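Below is one structure, written out as structure tokens; comments come after it.
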Amino acid sequence: MASSDIQVKELEKRASGQAFELILSPRSKESVPEFPLSPPKKKDLSLEEIQKKLEAAEERRKSHEAEVLKQLAEKREHEKEVLQKAIEENNNFSKMAEEKLTHKMEANKENREAQMAAKLERLREKDKHVEEVRKNKESKDPADETEAD
């Protein structure tokens, strides 16, 4: 477009800015449009060409379907692997927890048995001491009675 095709008309002038209107002159009939108004005519397709296009489309559909099925199979395989790993980790955790609990129970049992053995030993020592005191008392008592008379 040439600059003669455009007219600028000032509307307002303010401190905040300027308002104006652009007036475009109508196109001259001599100028050629830059793009065609209608799409180019398509050539008539033969039966063979139509058949080839249909076969190519069918091949693309089959290829796409095969790709989708492959992706689904890979996804299922991944899900199986994840599930198997989770089950294995759960089993390992259960096994470790059971071993830990068993070890703790054995330690408690040994501790309890050691405490019981210590109590029995103290009771035996006490009984032995009581028996010694009784013997000492019996051996002293007859002597004390004769001396008192």
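Numbering starts at 1 and runs along the chain as it is shown here.
Glycine residues also receive a Cβ, built from the backbone N, Cα and C atoms like all the rest.
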Per Swiss-Prot, the candidate from Ser63, Ser139 carrying the annotation phosphoserine: Ser63
Three-state secondary structure, Lys9 (N6-acetyllysine) (per DSSP): strand
Euclidean distance between Cα atoms of Lys119 (N6-acetyllysine) and Ser38 (phosphoserine), Å: 111
